[in-house]
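The structure under discussion appears below in the form of structure tokens.
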Amino acid sequence: MKTGIICGICRGSMKLKQRAVAVMVGTAITTALVLMILTVDLKPVSMFYQSVRVQSVQGGPVVEDGQQVRAGDHPVHLRRQLGKSASRSGGTAANLTVARHTHELDPLADSAGRHEHKDTAYRKTNSRTNAEGPAHPRDPRTRRTRPKGFPDEGNFYNSDHKWLRTQPEQTKPNTGKYEKLMSLPSAVSVPSKTEKLIRLKKPKGKHEFKILESFQLGINRFEVYSNTSVIDDLLEYLMTHPIYEVDEKSGGTQVKLILTFEDGGHALFKPWRVPREYETLPNHFYFSDIERHNAEIAAFHLDRILDFRRAPPVAGRWFNLTADIYDLADSGLRKTFFRSPANNICFVGHCSYYCETETAVCGKPDMIEGSVAAYLPSFKAAPRKTWRHPWRRSYSKHRTAVWEQDPTYCERSVMTKHPYKTGRRLLDLMDMSVYDFLIGNMDRHHYETFEAFGNFTFPIHLDHGRAFGKHHQDELSILAPLFQCCLLRESTYKRLQLLATEEYLLSDVMRESLSRDMIFPVLLEAHLEALDRRLQTILAQVRRCISRKSEKAVLKPEPRMEDYKEPEPSAKTGETYEEEEY
């Protein structure tokens, strides 16, 4: 009996050994087959399914010797066999053709709601039979074309969409309207002994103020700059003066750089992001729109033409991203530089919007244009006060501001409060609404004034990167201050009337003013035509206000400083009222 038990145990042990050997042999065979497939580069297993006929997920069938390739043969699986022939445009290798059609989710697809790309999808005929396959739903001959006038909604992340694909449009000749307008006397006279913003002590001996210093010394209670040769020299300085150092500006939603020139002057650089014909996407909110460098340049020129003179001078300039930015930047900014697959120099920077690799700032290959804005005096030398704009938008996807629902908002909430019930501030906001409507700027949430001048001074016109976003659309809500208050400076109204005449037509004057810039043409003709159209809208609204009230009640003369009085200190706090939350 003991012998039988021992024999049974031996037989069980032998079976276990046999099973282990079988598993090892099976594993070895499987491994050998896998290695053989990888080495010999056999076709995938899915090739053996004869009964199923499908198209690839990219939309195009794979054809071999006149027969349809079987299920699962996505072109990606075959790229080892095809090499570069299985690229975006398709190709032929060893009698094998991949018919390339754009994928549904491809950003370059030209289906409804997408723009057409230059590499249009196509089908190849079989090299042996010359027979075409069945028509594809997105065949160029059968697909639905984009309706005429339909806005291009292609996204700006694609470099092919960003760069101009056509020659710059023909511009109209200079007729001398700008020079003639600038020769006219200013509507607002600045007193000769007006208070200056800053005073620099002139050092002993022979010393000449630098161009940027001369500009900053000219800032006074009534204007940021005057129509003198100093501004023209400053614009030339911004376009050509050598750069010494580059730093990234902290804060802000999009990337900006601080330029330090060789003479110690400073300027703010906004790089090129999108081409001239790019328009704000229909589904983008005003607060998520990308900033345009050319909008900053055009906004300054319009400020000068309207005779407001409240915007810092801005000029266009060409940059070499390697020599002018990378070589002069600090290590933090340098780390964001890279070379794109298209062999272009790019950088990302640090900001909250559009600072990812997909939305990098790229040259072509390393040249790029941008706007350069002259720096105002430092906060230490000339402190500025920030005010919440009474007609500020909600900056929310789900709610609107109070003024958008209440037509009596101006009389009820604004005109009864300081600093809008006396002085010039309310008229300044009317000017600002006219200015913003002309350039299409919805992003006016705050404004700044110089503290040294108290409350009887102008609001500075800053930050217009989101202007000139749509030339085909006029955003009437920007004119809400004018609609609700029915007030306007008499000098502003006369200037607008002048720019509506053929002799000083706004679009012609603007074009000639921008022609002096290094990156001309700064704006498309469609944007210049929109200025004339919007100007007529403003004048029509003023006429409606006059017919409803009276000319005296609507058009106001320039307020005098002698008539202005600061409010009395509060009995409870002993402080003057500075700002109301709206």
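Quick reminder: no glycine exception, Cβ is built from N, Cα and C everywhere.
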Taking Glu236, Glu291, Glu490 as the options, which does TrEMBL list with Gln254, Lys270, Ala373, Ala374, Tyr375, Leu376, Glu448, Asp463 at the ATP site?
Glu291
Proximal but sequence-remote residues of the same chain as Asp443 (active site) (Cβ under 8 Å, at least 6 apart):
Tyr286, Phe287, Asp289, Asp463, Arg466
Using DSSP, how many residues of the compositional bias 'Basic and acidic residues' (553-569) fall into helix, strand and coil, respectively?
5 helix, 2 strand, 10 coil
Reduce the DSSP letter at Asp443 (active site) to three states and note it down.
coil
Restricting to the same chain and to residues at least six past its boundaries, which positions have a Cβ under 8 Å from a Cβ of the compositional bias 'Basic and acidic residues' (553-569)?
188, 221, 418, 422-424, 427, 454-456, 486-491, 493, 542, 545-546, 575-577
Average pLDDT across the domain 'FAM20 C-terminal' (337-554), rounded to a whole number:
95
